Structures are given as C-alpha cells and as structure tokens.
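*Asks:* According to TrEMBL, the feature region 'Disordered' maps to 1-22. The domain 'MTTase N-terminal' annotation in TrEMBL covers 67-185. The [4Fe-4S] cluster 1 binding site annotation in TrEMBL covers 76, 112, 146. The domain 'Radical SAM core' annotation in TrEMBL covers 208-438. Here TrEMBL flags 222, 226, 229 as [4Fe-4S] cluster 2 binding site. Sequence annotations record features per position, and here TrEMBL assigns domain 'TRAM' to 441-504.
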Ligand code: 5AD
Ligand code: SF4
C-alpha cells in the first residue's frame, strides 16, 4: 500500500475490527505493540547503566538538514523533560525546531494517559493533523509518551487513524533515530513499544527549554500501584539513576548558569530503594546537592509513605533546598485511601505534616486530590475538605476520578454520578481558593525573593517569577532582572498570585 492509499484507506480500516494479533502478522518486522499485562510485572533484574547505548546511525546524522520538527507535549514535567531529550535527538540529526505544524516535516505528540480528558485532547489533535498529512504525505506523524503504552490506544490509532506513521513508547525514546528511519522508508505504521522497562541510558542528548530553570531526572517509574493510576504501567518499575551521574548533571547546569533545578521522579522520594548494594536515599542525595553552587533545588512528586525522617532533616537545613513540599494526599478519608491503596491513613498523613511543620517551620505545602473515587460518600468527601483546612495547603491540583483501563479501580463500580463528582470538585475548589487567598494575604507589604523567569504571560510590561515557596509574583522591574533572584515588595495579594515592586536587584544567595 503506498502512502496515498494508506491515507485514503481510513474508512476501510476503521470498520475493520482486527485484533492486535492480526495486525502483528500484517506489520511483521516493526510491530512491537504494548501490553499492560506485561507492564504490570515487576522482576528482580538489576538495572544496567549504559553510557554509550545511544547512537545515531551514520545515514541518519544529516537526514534532518533543511527540515523541521515539532513536538507537542501533554501532561507532567516528566513528559516535558522527555520532549527536551527528543528535541536533542532531532537536533543531532540536523532538524530545526518549529512551533507551526504546517512548517514541520515531523510532528510528534508526546502524550499523557493519566485521565480520560488528557487522552481525548490527543485524539482531537490527531484529527487536526490529518488534513496536513493529506496535503503533505511526506510529513511524518508520531505518537509517543504514556498513551502509546496502552493496547487500547494503539488499536484505536490502527483502526481509526492509520495515517499515523509511528508509535513508540516511553522506554523507546533512545530508539528515536531508528524509528524515524524505519518510518521514512517503510510504507506501514511503525510500532515499537516495549512494555518492560529498559536500562538507564546516560548519554542521551537534551535541548533544554530555558536557561534559568532545569529538570533533572533522578529516577524513573513507579512501584506504588495506587489503584486508580496508570503510571506504574506506562512508566515501568522504579529505577534510580546513580548519584554520581545526577550530581554531575546538576554541577554541569550550575556551571552553565542555571538558577534552579527540579529533581524529577514519578515517586521521587523512593529514590535509591532499588539500589541492591547500598543504602542511599533522597535525603542523602539532597545532602550532596545542597553543597553545589546553585541557588535553588526543588523536587517533585513525593509520596507520603516514602517521606523519611532523614529527608525531613536535610530539608530543614534550608540553604538552596526550597521550603516547598508537594505532597499528594488524594483523599482525607482513611477508608477511601485504603481503596486507593495509598498505604497511609488520614491520621498518619496529618502526623507527617505536623512533623514537617515542626522541623521546617517555613515550609509551604501543596497537594493533589481526587474527588468521586468509587464509593466515596459525602461524609468521606467532607473529610477531604476538613483535612485540607487542617493542613492549610497553599494550593492544590484537584481532579475528578477518571477510570483507567487495566487498573484495579477500573474494575470497581464507578458509582458516583458525574453531577455529584462535579459538585464535589466545585466545593473543594472553593476551599482551595479561599485558603490560597488567605495564605497570599499574609504576604501583603512583605519582601520576598523572586527568581525572575521573564515577562508575565498576560502583560509584557510586567516581569514574573516564583518565590522559594513557589508563589507566582508579577512585578514591575527592568528586563535585566530576568534570570536573577531579586527582592520584591508585595503590593497586592491576589488569590493565585502576588503583585509587587522590585526593590533590589540580584540577591546574593548562599
Ligand atoms: N483519575 C483522576 N486523577 C488521577 N490522578 C492520577 N490518576 C488519576 C485518575 N485515574 C491524579 C492524582 C495524581 C495526579 C498526578 O493525577 O491526583 O497525584
Ligand atoms: Fe500513580 Fe503516584 Fe500512585 Fe505512583 S505513587 S501509582 S505515580 S499516584
């Protein structure tokens, strides 16, 4: 089938209910579809650290000369960072970036599977790309990221969107040059999704999005298997990078003038638990990183269960370790937490926060909350509201529960109506807003240190940046302040941000 026939065959394919097995005969060589069942398995195999695994075939080194790539990124910071790596790979192949799909020779959708609406957005975008592909059959379109790890998504793309040229998984990023090569020269859709996580590959290139704040992956995957969550299936088992590789990367960024580092992991404070030969955790790593001459270090996202005393003690030392803790609670009801398999109770969460507040009195707390989990009663939802007030979170990401195929919760009866879910979300958001406004009010007339990121999104006359506690501050100041940490006096506290005036340039930190 040539490219044109394949595009025109959309209708035929969509009524064709072939199983993925049938397709495997059809696609032969480059057909490695995902399996959530395999992704669930956790083996004892040791992780290999590969320094020279990534390479670009000679004939692909200049393949992108005069061509452009676009990567649209959905979802979390991990995906954003994966995009930086894929951008680095494209640039090594000679491609230039573009932000217009019409000008691109390759478009990748780096997808998120966390909730149904995240997936719907991607399918909407796939639909928008079809006319471009029809106009320019040489355009290569790829789907990668978490959605490509799901059989149901791959089957839907095969059946409804056969004009997609390549699908590859979260463990196949280093294979991008090979996948692109295959897609360029093959007439069929290239599918390469490994369901079992691979090794840790240390020599991947990166093109970072900015030169002020940088992300550093410290571990991959998640073994927590919260019953609602697809991440342990799409990102594989927990694998920690070696401390020396992380420290070197942070040092490198410090030398390049970066002002802030965020350590990334799906379950970042499980860092080191997979080291067989040594007892070394996130607290130990932070202890080393705080000695590096970089003004700010953050980390995300933590699981309450893995937040140990040593980590709290190290954070309490302050310095360049920022006093902001994002600690997803998900629910304030012990019964719901049990159904979610979060492995802590309302009481133990509150106790942990109490301990942290005692040791790190300046800390600000933010969280993630899911409403409308199967069987959640009104009283249990009220417990979430009361916990929120008790902790006095600064803000929260709040979500309506979305069943994810293949997870244990998807097998529970989703017995809360959408009307009730929406009403609970509204009530929760009202509390979140109220507390955020109250917390921000305490900043009125105070002086804060702001890492200036650039012009404000809504007003180029105004600069914007974040405080150490992660508060957004908009203020008038000279453009020369961009990339610096400056002192700002808060003139107006709003619900979600603070307005101020710069009073002093370039604060000496540490
Ligand atoms: N439905 C709704 N929210 C979810 N999250 C994870 N899985 C789901 C789901 N199935 C939320 C959790 C998590 C955040 C990243 O996304 O709150 O902390
Ligand atoms: Fe998902 Fe986070 Fe639970 Fe892991 S710890 S399963 S990423 S919610």
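Any Cβ shown, glycine's included, is placed from N, Cα and C.
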*Asks:* If the criterion is a C-beta within less than 6 angstroms of any ligand 1 atom, which of the binding-site residues 112, 226, 229 pass it? List them in sequence order.
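*Replies:* What lies within reach of ligand 1, judged by Cβ under 6 Å, is 229.
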*Asks:* Can you name the residues of this chain that are 6 or more positions from residue 146 ([4Fe-4S] cluster 1 binding site) yet have a C-beta less than 8 Å from its C-beta?
*Replies:* 75, 79, 111, 112, 113, 114, 170, 230, 231, 234, 235
*Asks:* Determine, to the nearest whole angstrom, how far the Cα atom of residue 222 ([4Fe-4S] cluster 2 binding site) is from the Cα atom of residue 76 ([4Fe-4S] cluster 1 binding site).
*Replies:* 14
*Asks:* Ligand 2 is in the model; which of the binding-site residues 112, 222, 229 have a C-beta less than 6 angstroms from one of its atoms?
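*Replies:* Those binding-site residues that pass the cut-off, since their Cβ is under 6 Å from ligand 2, are 222, 229.
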*Asks:* With every protein chain in view, what's the tally of Cβ atoms within 10 Å of the Cβ of residue 112 ([4Fe-4S] cluster 1 binding site), excluding that atom itself?
*Replies:* 22
*Asks:* Please identify, from the binding-site residues 76, 222, 226, 229, the residue with the sparsest Cβ neighbourhood, meaning fewest other Cβ atoms within 10 angstroms.
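*Replies:* Per-residue Cβ counts within 10 Å for the binding-site residues 76, 222, 226, 229 bottom out at 76.
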*Asks:* Sort residue 222 ([4Fe-4S] cluster 2 binding site) into helix, strand or coil using the DSSP assignment.
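*Replies:* Residue 222 ([4Fe-4S] cluster 2 binding site) sits in coil per DSSP, no helix or strand.
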*Asks:* What are the helix, strand and coil residue counts for the domain 'TRAM' (441-504) according to DSSP?
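*Replies:* The composition, in the requested order, is 4 helix, 34 strand, 26 coil.
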